[in-house]
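Enquirer: Below is one structure. I have some questions about it.
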Amino acid sequence: MSHHYTIQIKVLLPSLKKYLNLWKSLPEFTVIEERPKWDNKIQYLLTCIGFAVGLGNVWRFPYLCQIHGGGAFLIPYLIALVFEGLPLLYLELAIGQRLRKGSIGVWTAISPLLGGVGIGSMIVSFLVGVFYNTILAWVLWYFFHSFQDPLPWSQCPLNANRTSLNEECQKSTSVNYFWYRETLNITSDIEISDSLQWWMVVCLASAWCIVYICFIRGIESVGKAVYVTATFPYLVLTIFLIRALTLPGATDGLAFLFTPEILKDPQVWLDAATQIFFSLSVAFGGLIAFSSYNDEKNNCERDAVLVGVINSATSLYASIPIFAILGFKATSGYNLCLEQNIQLLTNHFDIADQNMTIENYQQWYDHLNQTQPAEVAGLGLQECDFQTFLKQSASGTGLAFIVFTQAVVEMPGSQVWAVLFFIMLFSLGLSSMFGNLQGILTPLSDLNMIPKWIPNEAVTGLICLVSFAVSLIFTMGSGNYWVEVFNGYVGSVPLLIIAFFEITGVIYGRGMKTFSDDIYHMTGRRPNIYWKACWMVINNLQARFCFSGVSGTVSKCFSLHFLCLQESFPKTEKKFYPDWVFAIIVLLCVVPVISIPLVAVYQLICRRRKSSSRAALNPYKRRHPWQLKERRTFKPALYNETPS
C-alpha cells in the first residue's frame, strides 16, 4: 500500500504563484494562499461602520421618529439595540473572524446542512445591491443639477410652446414635477414600462463604474476609499447641524424629536426592532466577509459594541439636523398658509395693509368669526395647524428628493447645501455598496467556482456588469415602482429567516461551549452571561418574529397594492398588483431562502449515498481493533495479530 504525504505551502510572495500553479495540479501538493488582511484596524472599523451606516440612518430613522411621536421611538429603539442588535452583530463578527471564510464557507464549516444559509445571504446581497445602486444613480442625477443657478427644482419650466409655465407643474409643485417628470418620467402604472430613460442609464452606469473603481483591488482599495466615504458624511452632517440650528423653527423641530409620548401602539416596538435589525446590516454576509480578513487574535467583542453604538449614535445625530430642517419647513408652510388666509380676509373685509399680520392673525380671525361667521365660513380659509405641518411624514426617496430638496430651496445659498447633501447621500450609499459587493465576491471565492487564472479585477467587473444589466429595469418609466417592490420584499422576510438559521447554526450546530471556546481563543475571555442570555433568548424570539413576519406577508397576499400616479398629475391612487407582478414578489421572497432547505436535503442525500456505496463496496469494512468497543470480536487471522 502506497503512502501519500501532503505538503502545505503558504504563498507569501505573489511572484511565486506562477511556479506554484504547477504544483497545485499535483495530488501530492496542497497550496494554501495567504488570506488578505486589512492594513490596520482603522480600515476594518471604518469599513464595518460604513457598511452599517447607510441611507436608512438618514431617511428611515427620522421618519420612524416622526410617525411614532418623536422621542417615544427612542426608548424601544435603544432597548432593541441592547438585546437584539449588538448580540447579532457580535455573533457575525466573531464567527467570521474565527473561521476566516465568507458566508458560505462559514456555515458550511459549521455544518454542511447550513450551506444554503450562506447562499441565501449572497443572493440577498446581490438583489439589494442591484436596486440600492439605482438610488445612487438618482443621487448622482440631482448632484449634477445642483450646480445650476437657480436650482432646476426651484421653479416650474416653460411649456412646449415656451409661452407659459408647464401646466402639470403649476397644479403641483416644482419639486414634485422635477422628481416625477424630469428625473423618473414615471408612468401611471407598473404594467406600463415605457422605454429606458437615457439620462438614468448614464447615471446608473456612472454609479456602477464608481463602485467598480473603488472595489477593483478588493479590501486593499476599499480600505483606502472608506477613509473618505465613511468619514465625509459626518463632516457634512456637522455642517448641516450648525446651519440648521440657525433656521427659524429649528427649536420646534428638535422639541418634537426629544419629547416622548406614551407608548401605546405595539407597532412602535416592532418598527424599532426591525430598524435595528436592518440598520446594522446583519444577515447580508458582508460583515462576516469583512471580519474574515482580521487577525485571529482581534477583540471582536469590542468591535461589535463600537460599530453598533456608532451606528445608532449616527442615526440620532443625523436626526437632529433633519428635524431642525423639518421644523424650518413646517414653519415656512405654516406661515405661507397664514399669509394666504390673511390675503383672503384682507381683500374681503377691506382691512388696511399691514394691520393683519401673522402674529395677530388669530385675534383677527376670532373677532371676525364672532361678528360675521357666515362670511368667514364662505371664504374657504385653510386650516393652519403647526403640529399638522410638523407631523407630515415622508420616508425614503420622499424625504430625500422631495421634502429635503424643497427645504434646501428655501435656504440661502441653496446650491452649496444641495451639493453637500447629495455628496453625503452618495458617500453613505457607496460605503453600503462595498458590503453588498463583498457579500457576493467572498462566498464565490470560498466556493472555488472561479478559476484561479481569472484575475480578481475581472471577476469584480463581471459582477458589476451583470448587476448593471439587471438594474436597467429600474431606469424605465415604471422603475420607481420596481424599486419599491425590491425594497419592500427582498430585504424583509428573507433576512429574518436567514438570521434565524444563523443563530440556530451557531448555538446548536457549533454549540455554545465550542463558540465560547472560539471567543476565548480570539479575545482571551469567554462571553459573559449577558451575551449568552441574549443569544439563547433571541433564538426563540427570532423564530416567533420570523414566522410572524411570514404570516403577515401571507395575510397581505390578496391585498397587495401600490401607489401610482393618475393622469391628472400629481394625484395618486391605490391599485392592486397584477398577478404576474405578485408572482415576482413571491419569487423575491422565496428565491433567497429556498437554498436553505435545498442544500440541506442535497447534503442528506449525499450522505445516504456515500454510506450506502461504502457498505456495498466493502460490507466487512476493515478496521483496527482499537477502533472497536469490543476488541475480542475481531478475528486474529484477518489482521495477522493476536487480540489482547
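Keep in mind that glycine also has a Cβ here, set from the backbone N, Cα and C atoms.
Pulled these from TrEMBL:
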type: TRANSMEM; residues: 44-62; note: transmembrane segment
type: BINDING; residues: Gly50, Ala52, Val53, Asn57, Ser279, Asn311, Leu428, Ser432; note: Na(+) binding site
type: TRANSMEM; residues: 74-93; note: transmembrane segment
type: TRANSMEM; residues: 113-144; note: transmembrane segment
type: TRANSMEM; residues: 196-215; note: transmembrane segment
type: TRANSMEM; residues: 227-248; note: transmembrane segment
type: TRANSMEM; residues: 268-293; note: transmembrane segment
type: TRANSMEM; residues: 305-326; note: transmembrane segment
type: TRANSMEM; residues: 416-437; note: transmembrane segment
type: TRANSMEM; residues: 458-483; note: transmembrane segment
type: TRANSMEM; residues: 489-508; note: transmembrane segment
type: TRANSMEM; residues: 580-605; note: transmembrane segment
Enquirer: Are there three or more C-beta pairs under 8 angstroms joining the transmembrane segment (458-483) and the transmembrane segment (227-248), sequence spacing 6 or more?
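Expert: Output no: the transmembrane segment (227-248) is apart from the transmembrane segment (458-483).
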Enquirer: Which residues of the same chain, at least 6 positions away in sequence, have a Cβ lying under 8 Å from the Cβ of Gly50 (Na(+) binding site)?
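Expert: Spatial neighbours, sequence-distant, of Gly50 (Na(+) binding site): Val226, Thr229, Ala230, Leu428, Ser431, Ser432, Phe434, Gly435.
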Enquirer: Under 8 angstroms for C-beta pairs, at least 3 of them, ignoring pairs fewer than 6 apart in sequence. Is the transmembrane segment (268-293) in contact with the transmembrane segment (489-508) by that rule?
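Expert: Since 3 or more Cβ pairs under 8 Å link them, the transmembrane segment (268-293) and the transmembrane segment (489-508) do come into contact.
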Enquirer: Is the transmembrane segment (580-605) packed against any residues at least 6 beyond its ends, judged by a Cβ distance under 8 Å, and which are they?
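Expert: Here the qualifying positions are 112-117, 119-120, 123-124, 127, 190-191, 485-486, 489-490, 492-494, 497-498, 501, 553, 557, 560.
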Enquirer: Taking the center of the Cβ atoms of Gly50, Ala52, Val53, Asn57, Ser279, Asn311, Leu428, Ser432 at the recorded Na(+) site, which other residues in this chain have a Cβ no more than 8 Å from that point?
Expert: Ile49, Phe51, Gly54, Gly56, Ser281, Thr314, Ser431
Enquirer: Three or more CB pairs closer than 8 Å, sequence separation of 6 or more: does that hold for the transmembrane segment (74-93) against the transmembrane segment (489-508)?
Expert: yes
Enquirer: By Cβ distance under 8 Å, which residues at least 6 away from the ends of the transmembrane segment (305-326) in the same chain are close to it?
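Expert: Hits for the transmembrane segment (305-326): 45, 48-49, 52-53, 57-58, 61-62, 65-66, 70, 74, 77-78, 81, 85-86, 89-90, 93, 234, 237, 240-241, 243-245, 247, 250, 253-254, 256-257, 276, 279-280, 390, 399, 403-404, 407.
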Enquirer: Select the range from 44-62, 113-144, 196-215 that forms the most Cβ-Cβ pairs under 8 Å with the transmembrane segment (416-437).
Expert: 113-144
Enquirer: Let me spell it out: for each of the binding-site residues (Asn57, Ser279, Asn311, Ser432), count the other Cβ atoms within 10 Å of that residue's Cβ, using every protein chain shown. Which one has the most?
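Expert: Most Cβ neighbours within 10 Å: Ser432.
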Enquirer: For the transmembrane segment (196-215), what are the same-chain contacts with Cβ under 8 Å, counting residues 6+ beyond its ends?
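Expert: Sequence-distant neighbours of the transmembrane segment (196-215): 133-134, 136-138, 140-141, 144, 183-185, 221-222, 225, 229, 430, 433-434, 437, 460-461, 464-465, 467-468, 471-472, 474-477, 479.
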Enquirer: Give me the long-range Cβ neighbours of Val53 (Na(+) binding site): same chain, 6+ apart, Cβ under 8 Å, in sequence order.
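Expert: For Val53 (Na(+) binding site), the qualifying residues are Ala230, Pro233, Ile310, Asn311, Thr314, Leu428, Ser431, Ser432.
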